[in-house]
Amino acid sequence: MTQKWLFSTNHKDIGTLYFMFGAWAGMVGTSMSMIIRAELGQPGTMINDDQLYNVIITAHAFVMIFFMVMPIMIGGFGNWLVPLMIGAPDMAFPRMNNMSFWLLPPSLTLLLMSSVVDNGAGTGWTVYPPLASVIAHSGASVDLAIFSLHLAGVSSILGAINFITTAINMRSNNMTLDQTPLFVWSVAITALLLLLSLPVLAGAITMLLTDRNLNTSFFDPAGGGDPILYQHLFWFFGHPEVYILILPGFGIISHIVCQESGKIESFGTIGMIYAMLSIGLMGFIVWAHHMFTVGMDVDTRAYFTSATMIIAVPTGIKVFSWMATLYGTKFKFNPPLLWALGFIFLFTMGGLTGLVLANSSLDIVLHDTYYVVAHFHYVLSMGAVFAIMGGIIQWYPLFTGLTMNSKWLKIQFTIMFIGVNLTFFPQHFLGLAGMPRRYSDYPDAYTSWNVISSIGSTISITGIIMFILIMWESMIKQRNVFIWTNMSSSTEWLQNNPPAEHSYSELPLINL
């Protein structure tokens, strides 16, 4: 057991470890979000401490981003599926793969420690100085959070090197780049983004660390520094990061849509690849749209507004290509397809509010209100999370050799769909009415929408608990898969069920 799970170099075992870690972190992060919604469920205070409230907000963001979405999407699905889809016996660097995973539990431990020592890191996930400086946050909390980010960053960089090498070098002999499955492309592009953006974050937080402990003044105007420099460095990482969170989801949805529509390939495969590449590369040149309120030149604001809007073009190409793939199909509303349709609809909604926020003049008013919270939760809670749910249901029979109860899954989808929309749709109204983020209390005028939002969060968590029960039921009933009933949309379905410990011991010859 120790050999298998602690020292594993098998991509399937490491993928499973990532899934279990992500599920655990997801439960931690969801618990935090429930505390936030309980606090905001009525006017007046529940926690009685704004610092603690902001610590929970900060930890919720970090846990969900670095320890739930990224490990599940890149580590879980990436490790399991990339080698199977390209006909590789394993990842390019199996031992580095193992190290990538085992850097995450210590990283999460450091993050949770930062919440419980001293007063906690109540900086928001952006960790802006001067709030993150030693004057405003004395004690070890922010330092622990910085070390946590360093570990998570090293883990992601090692993983990125591994995925890029695997996708380039380990493909089947005659599999050309345009025949490479879209999910493999999405993970490779994600890895490229990680490789280019994380070193900048590492630089920024290292400078913050020395500002706090070694008396430097990179971000302190008293010593000739500039806090805006930190914002530029952070968002140069932060914006690609949000595309890192959603790109693997694009790949997952492409596969689900292709398989459920019963077509031989996705509509406009090459266009899909170019769209992902453009989204990834353009993600690096729009970072300052997070900073419209810091007093930038009007020409600078005009550039970042228009560049941000142009990203909507490749995103639109992807959305319409998914719809074109589904065109003419006689739908059987299987659970994975429901999640994919939910993803397409709600991700588009989130994209539209993003287009609103791209306008620098409007963003001056909407910045730091709940409109922004609603926007990014639409693309994360209903984009990334819906893609994860759809992907788990789609490939669960491949990973385990078992089947989940389809009827229950449809009910669970409905509950969760209602829950997340009820949680986040009212937040648009709160934002337009001017309710600011990161405050634990609010004027009575905002009560009704907050009550509805908190009810929605309770419905959502019911849906998540139901999903865990459905998975548990499939495991205790042990309903084995005898044959894949769906048309194989890519090579991972050619495995046994569940796949043998080692796949492709003899390399496959792929004729497409």
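From the backbone N, Cα and C atoms, a Cβ is placed for every residue, glycine too.
Here the structure is a predicted model, which means the values were calculated and not measured.
The C-beta environment of Glu39 (Ca(2+) binding site), restricted to residues of the same chain at least 6 apart in sequence and closer than 8 Å, consists of Thr45, Met46, Ile47, Tyr53, Ser440. Residues or ranges marked as Ca(2+) binding site by Swiss-Prot on the basis of similarity to another entry: Glu39, Gly44.
In the three-state DSSP classification, His377 (Fe(II)-heme a binding site) falls within a helix. The Fe(II)-heme a binding site feature in Swiss-Prot is assigned to His60, His377.
Under the heading Cu cation binding site, Swiss-Prot lists His239, His289, His290, citing similarity to another entry as support. There are 23 other CB atoms within 10 A of the CB of His239 (Cu cation binding site), with all protein chains counted.
Under 8 Å, Cβ to Cβ, and six or more positions away along its own chain, Tyr243 (O2 binding site) finds Thr190, Leu193, Ile279, Gly280, Gly283. Annotation source Swiss-Prot lists O2 binding site at Tyr243, citing similarity to another entry.
Over all protein chains present, the Cβ of His367 (Mg(2+) binding site) has 19 other Cβ atoms lying within 10 Å. Here Swiss-Prot flags His367, Asp368 as Mg(2+) binding site, drawing on similarity to another entry.
Residues or ranges marked as heme a3 binding site by Swiss-Prot: His375. Annotation for His375 (heme a3 binding site): same-chain Cβ neighbours under 8 Å, separated by at least 6 residues, are Gly350, Thr353, Gly354, Val356, Leu357.
Sequence-distant contacts of the transmembrane segment (16-36) (same chain, at least 6 residues past either end, Cβ-Cβ under 8 Å): 5, 8, 47, 53, 56-57, 59-60, 63-64, 67-69, 71-72, 75-76, 79-80, 101, 104-105, 108, 112, 399, 457-458, 461, 464. The annotation transmembrane segment is assigned in Swiss-Prot to 16-36 (among others) on the grounds of sequence analysis.
The transmembrane segment annotation in Swiss-Prot covers 55-75 (among others).
The transmembrane segment annotation in Swiss-Prot covers 101-121 (among others). When Cβ-Cβ distances below 8 Å are used as the criterion, the transmembrane segment (101-121) is approached by residues 14, 17-18, 21, 25, 28, 51-52, 55-56, 58-59, 62-63, 66-67, 71, 75, 127, 132, 137-145, 147-149, 151-152, 154-155, 158 of the same chain, each at least six residues removed from its ends.
Residues or ranges marked as transmembrane segment by Swiss-Prot: 144-164 (among others). Same-chain residues lying 6 or more positions outside the transmembrane segment (144-164) and placing a CB less than 8 Å from one of its CB atoms are 58, 62, 66-67, 70, 74-75, 78, 82, 91-93, 96-97, 99-101, 103-104, 106-108, 110-111, 113-114, 117, 121, 123, 127, 187-188, 190-192, 194-195, 198-199, 201-202, 205-206, 208-209.
Among residues of the same chain six or more beyond the transmembrane segment (182-202), those with a C-beta under 8 A of the stretch's C-beta atoms are 73-74, 77-78, 81-82, 85-86, 149-150, 153, 156-157, 159-164, 167-168, 233-234, 236-238, 240-241, 243-244, 247-252, 254-255, 258, 266, 269, 272-273, 276-277, 280, 283-284, 490. Among the features that Swiss-Prot reports, transmembrane segment is placed at 182-202 (among others), with the record citing sequence analysis.
Here the transmembrane segment (233-253) has Cβ contacts under 8 Å with residues 65, 69-70, 73-74, 77-78, 126-128, 181-187, 189-190, 193-194, 196-198, 200-201, 203-204, 207, 276, 279-280, 283-284, 286-291, 318, 322, 340, 343-344, 347, 376, 379-380, 383-384, 386-388, 390-391, 394 of the same chain, all six or more residues outside its ends. Feature annotation from Swiss-Prot assigns transmembrane segment to 233-253 (among others); the stated evidence is sequence analysis.
Within the same chain, residues 178, 182, 185-186, 189-190, 192-193, 196-197, 232, 235-236, 238-240, 242-243, 247, 250, 254, 304, 307-308, 310-311, 313-315, 317-318, 321-322, 324-325, 327 sit at least 6 positions outside the transmembrane segment (267-287) and bring their C-beta atoms closer than 8 Å to a C-beta of that stretch. Marked as transmembrane segment by Swiss-Prot on the basis of sequence analysis: 267-287 (among others).
Annotation source Swiss-Prot lists transmembrane segment at 307-327 (among others).
For the transmembrane segment (337-357), same-chain residues at least 6 beyond its ends with a Cβ under 8 Å from one of its own Cβ atoms are 246, 249, 253, 256-257, 260, 289, 308-309, 312, 315, 319, 322-323, 331, 363, 366, 371-372, 374-379, 382-383, 386-387, 389-390, 393, 410, 413, 417, 420-421, 428. The transmembrane segment annotation in Swiss-Prot covers 337-357 (among others) and is backed by sequence analysis.
Residues 16, 64, 69, 72-73, 77, 80-81, 242, 245-246, 248-250, 252-253, 255-256, 259, 335-336, 338-340, 342-343, 346-347, 349-351, 354, 409, 413, 416, 420-421, 423-424, 467, 471, 474, 481, 484, 492-493, 495, 497-499 of the same chain sit 6 or more residues outside the transmembrane segment (379-399) yet have a Cβ under 8 Å from a Cβ within it. Residues or ranges marked as transmembrane segment in Swiss-Prot (evidence: sequence analysis): 379-399 (among others).
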Using a Cβ distance cut-off of under 8 Å, indicate which of 55-75, 307-327, 413-433 has the most pairs with the transmembrane segment (451-471). 413-433
Beyond the site residues His239, His289, His290: chain residues whose C-beta lies within 8 Å of the centroid, for Cu cation: Trp235, Gly238, Val286, Trp287, Ala288, Met291, Phe304, Thr308
Would you mind pulling the DSSP three-state label for His60 (Fe(II)-heme a binding site)? helix
For His239 (Cu cation binding site), what is the secondary structure by DSSP, using just helix, strand and coil? helix
Roughly how many Å separate the Cα of His239 (Cu cation binding site) from that of Asp368 (Mg(2+) binding site), to the nearest whole number? 16
Work out how many Å separate His367 (Mg(2+) binding site) and His377 (Fe(II)-heme a binding site) at their Cα atoms, rounded off. 15
Would you mind ranking the binding-site residues His290, His377 by how many other Cβ atoms sit within 10 Å of each Cβ and giving me the lowest? His377
